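Read the structure below first, then the notes.
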Amino acid sequence: MDSSSRKFVFITGGVVSSIGKGVAAASLAALLESRGIRVTLVKLDPYINIDPGMMSPLQHGEVFVTEDGAETDLDLGHYERFITARMGKRNNFTTGQIYNSVLAKERRGDYLGMTVQVIPHITDEIKSWIYAGAGDAEVTLVEVGGTVGDIESQPFLEAIRQIRLDRGRMDTCFVHLSYVPYLEAAGEIKTKPTQHSVKEARQIGIQPDVLICRMSHPLQEVERRKLALFCNVESEAVISCTDVDSIYKVPGLLNRQGLDELVCKKLGLTTMHSDLSKWETLIYKKENFTHEVNIAMVGKYVSLTDAYKSVNEALIHAGIHIRAKVNVYPIDSEQLNEDNLHVLDGMDAILVPGGFGPRGVEGKLRAIEYARTRRKPFFGICFGMQLAVTEFARNVAGWKGASSTELCADTCFPVVSLISRARADSNSVLTPDVDTNGVMRLGAHKFTIEASSLLSEIYGRSEALERHRHRYEVTPSYLPDLVKAGLRISAHSADDKRFCEAVELIDHPWFIGVQFHPEFSSTPSTPNPLFRSFIEAALVHQRFTKVEQCAVVA
Ligand code: GLN
């Protein structure tokens, strides 16, 4: 598409972080998409890291992996769950990547001896990356990470200010999402922090066109007028985004206040009416659950739901479709021992998500053994699958001390070991941290599913595509012996490398480990089949247990 006809909505944040800028941006994008507009989203992260790949989930939350193998901010997960466009390497970039690129150009002599400066070189680079991320979308929503006023986000704000100047009002719209606190003691909301953050934005040349107020109480008319007056925004452009019990209610909440209508008007877009039926159906199902299941999520970042964001969402999606309220019980694997393993008794199924490093591993192995021996549905994702193989090797095959070389470098049975460079593929990246031989296998890879496996029943086809993020794999030379001991290898990568992609237990109702991350491809309208089947298995287990308990009582 002709780049001059593309339009941009910039979303900035004010007052505090973590007020749901990603969800607000994704919701507005979903509303515009429902009007027939081709949309995409771009996230700008002001930190210096090249990407969040090496950042702690405790600080940064989950690393969302795109089909083309980018390790990105978790907001890209929201984007994919709200709109149909798939995200990729170009939809998320950081200050680190911008400087990296500018410095490489400087070394190549591209700047012809000029002094390289934030303006125009860094800002030009940011602008060209925004345009690249926009691709052929008619409207691109650009979320600027951080909060207006942060030192590190200034070049990004300067770049979007310039884009407004370059392209004009009809092609750009500034949306500012701010936090409006409610003071219990005063019994009223306080608009001053928002006034200050808008003032801050105006100081750098950005006058918001729309103000979205994150707040706990609905906005009263008098407060709306006050915010409009002090922030120099039209009254109808002050939108409130109150707390809701599901992020999937946000598109409807914003639509009812005319946000998408307003943005279309500002951008001069004549479109069809928005169609919210998809979201309404979801909410209806979500509010009319007929069942309830309890899932134990055994991991090490249990206090932070953001660390396993996509897994939590994928469980919710599956639940919505089978009308089951999914209660996820985070269980800290570091605290799980023989004396308290009974916490798993009341659970209908157990999930061990992805992870890195030895901390908390013994607890995870205990939970896996419990699920295997008590015939409770078990779902192991990536590290969860590698540990399921380890547990099987130790306790079923009888290989004492079997382990992953990630956990014990000199184990006598390295059933899980580093992917060698020779086995790497085009999406793999060398990981600079530990072992220069190690590569991170990233992105979507096709795999072949074994006929008559539970996995083939679940996917209903012989091939599927899911995303990966791992440096270790089940050691290929151990596969024949693991199979002999009774482990079923239910999927292999479809390439000639034949990575072990999934395992299952034949004499267990539902015990599956997958090397890939099925959570990344789950959306509220199309839940991933594995999660769906897992929740169904949890329900079956629950019914079975109830019948058993009744039988004992009788
Ligand atoms: N630490 C494991 C590996 O690198 C698993 C990674 C993950 O769970 N994403 O292979």
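Any Cβ shown, glycine's included, is placed from N, Cα and C.
In three-state terms derived from DSSP, CYS382 (active site, nucleophile) belongs to neither a helical nor a strand segment and is classed as coil. Sequence annotations record features per position, and here TrEMBL assigns active site, nucleophile to CYS382.
Under the heading active site, TrEMBL lists HIS517 (among others). Under the three-state DSSP scheme, HIS517 (active site) falls in the strand class. Take the CB of HIS517 (active site) and look out to 10 A: across all protein chains shown you find 24 other CB atoms.
Taken from TrEMBL, the feature active site covers GLU519 (among others).
What TrEMBL records for SER17, LYS190, THR191, LYS192, PRO193, THR194, GLN195, LYS226 is UTP binding site. Annotation for THR194 (UTP binding site): same-chain Cβ neighbours under 8 Å, separated by at least 6 residues, are GLY14, VAL15, SER178, TYR179, VAL180, LEU211, CYS213, LEU227, CYS231. In three-state terms derived from DSSP, THR194 (UTP binding site) belongs to a helical segment.
For ILE151 (CTP binding site), other Cβ atoms within 10 Å of its Cβ number 8. Taken from TrEMBL, the feature CTP binding site covers SER17, ASP150, ILE151, GLU152, LYS190, THR191, LYS192, PRO193, THR194, GLN195, LYS226.
Around the Cβ of GLY20 (ATP binding site), a 10 Å sphere holds 21 further Cβ atoms from the protein chains shown. Residues or ranges marked as ATP binding site in TrEMBL: SER18, ILE19, GLY20, LYS21, GLY22, VAL23, ASP75, VAL244.
Same-chain residues at least 6 positions away in sequence with a Cβ under 8 Å from that of GLU143 (Mg(2+) binding site) are, in sequence order, ILE11, LYS21, GLY22, ALA25, LEU41, VAL42, LYS43, LEU44, ASP75. The secondary structure of GLU143 (Mg(2+) binding site), as reduced to three states from DSSP, is extended strand. If you look up TrEMBL, you'll see ASP75, GLU143 marked as Mg(2+) binding site.
Sequence-distant neighbours of MET385 (L-glutamine binding site) (same chain, 6+ residues apart, CB-CB distance under 8 A): VAL474, ALA502, VAL503, GLY513, VAL514, GLN515. Residues or ranges marked as L-glutamine binding site in TrEMBL: GLY355, PHE383, GLY384, MET385, GLN386, GLU406, ARG471.
In the predicted structure, the domain 'CTP synthase N-terminal' (7-269) carries a mean pLDDT of 94. If you look up TrEMBL, you'll see 7-269 marked as domain 'CTP synthase N-terminal'.
Residues annotated as domain 'Glutamine amidotransferase' in TrEMBL: 304-536.
Sequence annotations record features per position, and here TrEMBL assigns region 'Amidoligase domain' to 1-269.
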Which of GLY22, PRO193, GLY355, GLY384, all binding-site residues, has a Cβ with the fewest other Cβ atoms inside 10 Å: PRO193
Annotated recorded positions SER18, PRO193, GLN195, HIS517, filtered by Cβ under 6 Å to ligand 1: none
Which same-chain residues, if any, lie at least 6 apart from ILE19 (ATP binding site) yet have Cβ under 8 Å of it: GLY13, LEU177, SER178, TYR179, ARG214
Remaining residues near the recorded L-glutamine site, that is with C-beta within 8 Å of the centroid of the site residues GLY355, PHE383, GLY384, MET385, GLN386, GLU406, ARG471: GLY354, PHE356, CYS382, LEU387, SER404, VAL416, HIS470, TYR472
Top Cα neighbour of GLN386 (L-glutamine binding site) in the set of binding-site residues VAL23, LYS192, GLN195: VAL23
Candidates GLY20, THR191, PRO193, GLN195, VAL244 (binding-site residues) - the one closest to HIS517 (active site) by CA: GLY20
Separation of alpha carbons, VAL23 (ATP binding site) and SER17 (UTP binding site) (Å): 13
